[in-house]
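Engineer: I have a structure here, written as structure tokens, and I will follow up with some questions on it.
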Amino acid sequence: MSEKYIVTWDMLQIHARKLASRLMPSEQWKGIIAVSRGGLVPGALLARELGIRHVDTVCISSYDHDNQRELKVLKRAEGDGEGFIVIDDLVDTGGTAVAIREMYPKAHFITIFAKPAGRPLVDDYVVDIPQNTWIEQPWDMGVVFVPPISGR
């Protein structure tokens, strides 16, 4: 990855609210399925904005086996996704998104960020990100003091 895109808590909340406004009226949704772990925080923000209390998770792990990347479903929400929003923070190459689509073919699948390779796999997203860009999410960063350049 050659570039970095830094996401602040404020930016994340603004993007989540933008997605929530597109999902109105909220009564059309039975609940939210957050993809662990990246979709947990966006899922909580959406649940708040839409007044949705039924929140579930799907937990997927990727691991290397004979130099191939495989996905393992650790936990899934029941059903085919009808009436549910499935949310993740990002769609990148589309590997996880393909698995989600297979598990929940009737769900409305959304992300905050989308890279070109995965973009066709989601129903909605907020921010376009170049494929070679690494996203630094606020939950992966700490706030630290940075001394002035002058040293004074």
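Residue positions begin at 1 at the first shown residue.
Placement of Cβ uses the backbone N, Cα and C atoms for every residue, glycine included.
Okay, these came from Swiss-Prot:
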type	residues	note
BINDING	Arg37, Gly38, Arg69, Asp88, Asp89, Leu90, Val91, Asp92, Thr93, Gly94, Gly95, Thr96	5-phospho-alpha-D-ribose 1-diphosphate binding site
BINDING	Arg69, Asp92, Thr93, Gly94, Gly95, Thr96, Trp134, Ile135	GMP binding site
BINDING	Asp89	Mg(2+) binding site
BINDING	Asp92, Ile135	xanthine binding site
BINDING	Asp92, Ile135	guanine binding site
Engineer: Using a 10 Å radius around its CB, how many other CB atoms surround Gly94 (GMP binding site)?
Structural biologist: 19
Engineer: Where among the binding-site residues Val91, Ile135 do you find the Cβ with the fewest other Cβ atoms within 10 Å?
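Structural biologist: Selected from the binding-site residues Val91, Ile135 on minimum Cβ neighbours within 10 Å: Ile135.
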Engineer: Using a 10 angstroms cut-off on Cβ to Cβ distances, just flag whichever of Asp89, Asp92 is the loneliest among these binding-site residues.
Structural biologist: Asp92
Engineer: Can you tell which of Arg37, Arg69 has the least company, meaning the fewest other C-beta atoms within 10 angstroms of its C-beta, among these binding-site residues?
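Structural biologist: So among Arg37, Arg69, the binding-site residues given, the one with the fewest Cβ atoms within 10 Å is Arg69.
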Engineer: Rounded to the nearest Å, what's the C-alpha distance separating Trp134 (GMP binding site) and Val91 (5-phospho-alpha-D-ribose 1-diphosphate binding site)? Just drop the number here, would you?
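Structural biologist: Each residue's Cα considered, Trp134 (GMP binding site) and Val91 (5-phospho-alpha-D-ribose 1-diphosphate binding site) end up 12 Å apart.
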Engineer: Distance check, please: Cα of Arg69 (5-phospho-alpha-D-ribose 1-diphosphate binding site) against Cα of Thr96 (GMP binding site), rounded to an integer number of angstrom.
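Structural biologist: Arg69 (5-phospho-alpha-D-ribose 1-diphosphate binding site) and Thr96 (GMP binding site) have their Cα atoms 11 Å apart.
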Engineer: Looking only at Thr93, Gly95, Thr96, which of these binding-site residues has the biggest number of Cβ atoms within 10 Å around its Cβ?
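Structural biologist: Output for this query is Thr96.
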Engineer: When DSSP is mapped onto helix/strand/coil, what comes out for Asp92 (GMP binding site)?
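Structural biologist: The three-state answer is coil.
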Engineer: Tell me the Cα distance separating Ile135 (GMP binding site) from Thr93 (5-phospho-alpha-D-ribose 1-diphosphate binding site), rounded to the nearest angstrom.
Structural biologist: 14
Engineer: Take the C-alpha atoms of Gly94 (GMP binding site) and Arg37 (5-phospho-alpha-D-ribose 1-diphosphate binding site) and report the distance between them in angstrom, rounded.
Structural biologist: 16
Engineer: Does DSSP give Trp134 (GMP binding site) helix, strand or coil?
Structural biologist: strand
